[in-house]
Amino acid sequence: MSQKLGFWAVFALVTGSQIGTSVFILPLSLAPFGIYSIWGWVLSLCGAMSIALVFSTLCAKFPKTGGPHVYVRENFGDKIAFFTGWTYWVISFVSTSIVVISAIGYLTPFFKSQAILDLILQIILLGAIMVLNLKGPEVAGKAEFYLTLLKFVPLLVVGLCALSHFNIDNITIAEEVENLSIPSIMGRVALLTFWGFIGVECATTTAGAVKDPAKTIPRAIIVGTFCVAVLYIINSIGIMGLIPASELISAKAPYADAASLLFGGKWSSVMTVIASIICIGTLNAWVLTSGQIALGLAEDGLLPKFFAKKNSNNAPTHGIIVSCLGIVPLLVFTANDNFAKQITQIIDFSAITFLFVYLICSLAFLKVIFSSKENFSYYYLLIAIISIIFCAWVIYETPVKTLIIASSFTIFGIPLYYGWYKCHSRL
C-alpha cells in the first residue's frame, strides 16, 4: 500500500500550483500602475488569504477527495455540485495547456524553434509528467517538493537582491493610468495580482491521499499561500524598484534583465532554465490535481465510475490519462500561431471561471457557518464575507464578454449532465 502525502508534500502542491508563469509576467504587467500595484498586492493578499481560510476550514470539516464539489454538494445538493465539479475539472486541465507551452517556450533559446518540434517536445513533457503522476501521489508529491525548492531559492535570491538595490524613483505611474479613476485602477491591478494566486485550493482535491487531511491540508494551505504572497511581493516590488518603469514596460525578460544588473554576465540562459523548471513544477501540481478532481467526482457518483479506477500505486489512472489527453488538442491547435492567440485568450478566461468556483464555495462556507448555531463564529463570518465580496468585486470588474465566454466551460457540461448523470441517478 502506497504511503500518503505529508505536510511538506502538500505545502509543495499549494505553492507549486500557484507559482507559475505569472511570477515572470507580473513585474512587467504592473509597471504602468506604479505605487498602485503595491495596494493591489494588499487587496489580493487579503482576498487570497480569505479564500485560503475558506477552503482550509471547509476541508477540515469535509476531508474528502475532490475539493470544491464536495463542499458544494454538502450544502447545495448534487445538481450544483455536478456543474461546479465539472467546471473545475475542465478548467484545471484546459488552463494547464499554457503551462506546457510556456515550459518548452522558455527553452527555445537552446534549440531552433519550429512549430512541429515544439509540439513534439510539449507532448513528450506532458507524457513524462503523466507517467510521474501514475507512479502515485506520493512520488508526484516528492517530485513537487524538490521542484518547489528549485523555484523558491532563485526567486528569493533575485527578489531580495533586487530589494537591496531598490530605488523609489524607478516606480512611476504611466500617463494612461493617471487618466483612469482610482476604482478602475484598483480593479485592474487586483485582477492582475490575483492571477498569481489561482490554485490556492488545489490541495483540498487530494484529501484522500493525505495523512490526517483535516489538519495537514489547512496548515499547508495557510502557510503555503502566505509564503507565495511574500515571494510575489518581494519579487514584484524588488524588480519594479530596480528597473525604471519606462524600461520594464517594454522588457521581454524582466528577470533576466534584473539578474544581469545584479550579478553581471549573461544570465538570460540561467533564468530561462529556471522559468522552465517553474512551469514544470506547476504542470506537475495541476496534473496531480486534475486526476484527484476526477477521482472525487467519480467516487461521489458525479462522473462515471471509470474515473474512480486506481492502479497499484494509488493513482487515479483514468482521471490522470484523460486530463492529460484533454490538453493535447489544445497543444495541437496552438501550434498554429493565429489560432494560438485565440486559445491564449480562452485560457485567460479560465481565471474568471476559477473565481466563480471560489465564490460558490465561499457561499457554501457561509451556509455552514449559519447552520452551526452552537459553534457560530463571527471570525469565520468575517472571513466568508471578505471572500464573497472580493470574488464578487473582481467578477464585477470583468467585461461582460469575458464572463459570457467563461461560462462556456459550464455549458459544455450540460450534455453530460442530461445524457449520463440524470439517467445514471435514476438507476
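Glycine residues also receive a Cβ, built from the backbone N, Cα and C atoms like all the rest.
What TrEMBL lists as transmembrane segment is 7-26 (among others).
The feature transmembrane segment is assigned by TrEMBL to 38-59 (among others).
Annotation source TrEMBL lists transmembrane segment at 80-107 (among others). If one looks beyond the transmembrane segment (80-107) by at least 6 residues along the same chain, the residues whose Cβ comes under 8 Å of a Cβ in the stretch are 20-21, 66-70, 72-73, 118, 121-122, 125-126, 198, 272-273, 275-276, 279-280, 282-283, 286-287, 289-290, 293-294, 296-297, 300, 302-303, 323-324, 326-327, 330-331, 334, 343-344, 346-347, 350-351, 353-354, 356-357, 360-361, 409-410, 412-413, 416-417, 421.
The transmembrane segment annotation in TrEMBL covers 113-134 (among others). A Cβ distance under 8 Å defines the sequence-distant neighbours of the transmembrane segment (113-134), meaning residues of its chain 6+ beyond its ends; these are 100-101, 103-105, 107, 140, 143, 280, 283-284, 287-288, 291, 311, 313, 315, 317, 320-321, 324, 327-328, 331-332, 335-337.
According to TrEMBL, the transmembrane segment annotation covers 146-168 (among others).
For 180-200 (among others), the entry in TrEMBL reads transmembrane segment.
Sequence annotations record features per position, and here TrEMBL assigns transmembrane segment to 221-243 (among others). Sequence-distant neighbours of the transmembrane segment (221-243) (same chain, 6+ residues past either end, Cβ-Cβ under 8 Å): 10-11, 14-15, 18-19, 23, 26-27, 30-31, 37-38, 41, 44-45, 48-49, 52-53, 55-56, 59, 152, 155-156, 158-163, 165-168, 170-171, 193, 196-197, 200-201, 203-204, 251, 254-255, 257-258, 261-262.
Cβ atoms under 8 Å from those of the transmembrane segment (270-295) belong to residues 12-13, 16-17, 19-21, 23-24, 65-67, 69, 85, 88-89, 92-93, 95-96, 99-100, 102-104, 106-107, 109-110, 125-126, 129-130, 132-133, 137, 140-141, 143-144, 147-148, 150-151, 154-155, 199, 202, 205-206, 208-209, 253, 255-256, 259, 303, 307-308, 310, 315-316, 318-320, 322-324 of the same chain, restricted to positions at least 6 beyond its ends. Per TrEMBL, the feature transmembrane segment maps to 270-295 (among others).
Taken from TrEMBL, the feature transmembrane segment applies to 315-334 (among others). For the transmembrane segment (315-334), the residues of the chain that approach it from at least six positions outside its boundaries are 89-90, 92-94, 96-97, 100-101, 119, 122-123, 126-127, 129-130, 133-137, 140, 287, 290-295, 298, 306-309, 340, 343-344, judged by C-beta separation under 8 angstroms.
Summarising the annotation, TrEMBL assigns transmembrane segment to 346-366 (among others). Only residues 6 or more beyond the boundaries of the transmembrane segment (346-366), in the same chain, are considered here, and those with a CB under 8 A from a CB of the stretch are 51, 54-55, 57-58, 68, 71-72, 74-76, 80, 84, 87-88, 91, 94-95, 97-98, 194-195, 198, 201, 380-381, 383-385, 387-388, 391-392, 394-395, 398, 402-403, 405-407, 409-410.
What TrEMBL lists as transmembrane segment is 378-396 (among others).
TrEMBL lists 402-421 (among others) with the feature transmembrane segment. Below 8 angstroms of C-beta separation, residues 79, 82-83, 86-87, 90-91, 94, 302, 304, 346, 349-350, 352-353, 356, 395 of the same chain, each at least six residues beyond the ends of the transmembrane segment (402-421), sit close to that stretch.
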(message) Check the transmembrane segment (146-168) against the transmembrane segment (7-26) for contact, please; criterion is three or more CB pairs under 8 Å, pairs 6 or more apart in sequence.
(response) yes
Tertiary contacts of the transmembrane segment (378-396), defined by C-beta under 8 angstroms and 6+ residue spacing from its ends, are 43, 46-47, 50-51, 53-54, 57, 187, 190-191, 194, 352, 355-356, 358-359, 362-363, 365-366, 369, 403
Sequence-distant residues near the transmembrane segment (180-200) by C-beta distance (under 8 Å, 6 or more away from its ends) are 14, 17-20, 22-23, 26, 29-30, 33, 36-37, 39-41, 43-44, 47-48, 51-52, 55, 95, 221, 225, 228-229, 232, 282, 285-286, 289, 351, 354, 393-394, 397-398
